[in-house]
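Presented below is the structure to which this report refers.
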């Protein structure tokens, strides 16, 4: 480092100059004076000294950096590509001792700083305590000042009372002096006391103060009498003050007693309110439980009633099919030559009684087979009933039959009914005021009647025996939802006694007979006349009635009560509406949406609201 600056520093020496070169400000130059030369030379020497000092500082910094670099190399040795570590000589480890010394010094300074910090914290705590004590003293001082003000006000009131008594005594003395004017000279009125405290001292002080403002009485007895009166008045005032203090203490004791009684009354009232609230809660829980039980009973009765209605509807369909088959057989006997001419299929033997006509003709023509949408498979009713016709065509069984008044033959299209069961002769349509048998049978009960039947009965006491369920359960009575009770298994009797087909049909007519007031509500729209009106209407009317099977084939399990009766109650509010929607969130549902799924949706609302 020193060799770097040797060339630059050599310019300050005279020897570094060449023989032909001389100092510009040298002493040999006659153009410059001696003072100028000495000044410039001194400036150069000063600059040279500064530069040397700077170079020394830089050298020291470089040495420090070298030591630190060596320490870092010792701490983090470099590994070569061949896996060998750089070795360091022992003299380089001496810098570690310097670092240890610096570390010790820094640790000492750190401890000193921590000690000072702890002292400052203690001083701050002491200062905080002093501030708190000062604040307490200020509060006590303010309290004492208020008490002193109260005492001063009390003293002033007492002094005013004493001044009033003194004035009264002066007036009485003036009257007495006027009465005894012949015995004593006129009394000089006492001057007003400017200060109340001085007046009080004069009143209770020694003889010098006592006679300062009073005239010298001629007789000692009069002054003694007045003094005694004043002392008596003062004692009376002191007695009144003591009585007032006693009354104040009594009132304070009474106030404390009343406060204790008030606290006791508040505690007893809170306990009474808590007990009443618990009783009210228990009563509410009991009432809600009773309501749920009543709803469960009513809902179970509703399901049983719906099961009976389904049984009646299936029985009605069976009766109607039997009547239609009998009418078709009677018509087939009259039109058997025509049916044999149109149907090339072989005849089917009939197991009917001997009074019946001979075996029926072929059941269906090829054209009818091409046009009929129903596959030619025998129905279960044909396999079970011995009185049913042996026609293999399932049209009379698959399509629900209706009375002859609602069927009309099609002259343009060949009927799919087999020749042995031809369609009856067309009849004129009934008048508008008179309903057909199917309309009377399938009359829909009004919604308010359904709700009344649901909410009217609350127990099982009104029911004698259950009706028999026949056929598969409908989609809305499947045991998929936990909130719907399962239908019960019953025998082959309805309401405790067997029913004949004629009595059952009459019972259905009477049960579903529509009231005159509901004529407009459930009147069925009149369909336009068409060639196939009877066939289409029969299929649409009886599509919901499956072919009845044996009652023992499909028996339902024991009924279980529902668990969400509020959901069922909310569901009953939408019985009479055409659009199915949730009564809580007003969410719309399709027309064929099942009731159990809608009840599940309402249950989710009730569970979220913790009802």
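Just so it is clear, glycine is given a Cβ too, placed from its N, Cα and C backbone atoms.
What you are looking at is a predicted structure, and each value in this text was computed from that prediction instead of being measured.
Per Swiss-Prot, Zn(2+) binding site is recorded for 582, 585, 601, 605, and the stated evidence type is sequence analysis. Sequence annotations record features per position, and here Swiss-Prot assigns coiled coil to 48-162, 218-277 based on sequence analysis. As annotated by Swiss-Prot, compositional bias 'Low complexity' applies to 362-372. Annotation comment: Swiss-Prot describes 184, 365, 372, 379, 385, 400, 415, 500, 530 as phosphoserine. According to Swiss-Prot, the region 'Homodimerization' annotation covers 1-280. Swiss-Prot lists 328-437 with the feature region 'Disordered'. According to Swiss-Prot, the feature zinc finger maps to 579-605.
Considering only the binding-site residues 582, 585, the Cβ with the fewest other Cβ atoms within 10 Å is that of 585.
Other residues of the same chain near the Zn(2+) site, with their Cβ within 8 Å of the Cβ centroid of 582, 585, 601, 605, are 583, 584, 587, 602, 604. As a whole-number mean, the pLDDT of the coiled coil (218-277) in this prediction is 86. For residue 605 (Zn(2+) binding site), the count of additional Cβ atoms within 10 Å of its Cβ stands at 17 [all protein chains shown]. For the zinc finger (579-605), the DSSP-based tally of helix, strand and coil residues reads 11 helix, 2 strand, 14 coil. Its own atom aside, the Cβ of residue 601 (Zn(2+) binding site) has 17 Cβ atoms within 10 angstroms in the protein chains shown.
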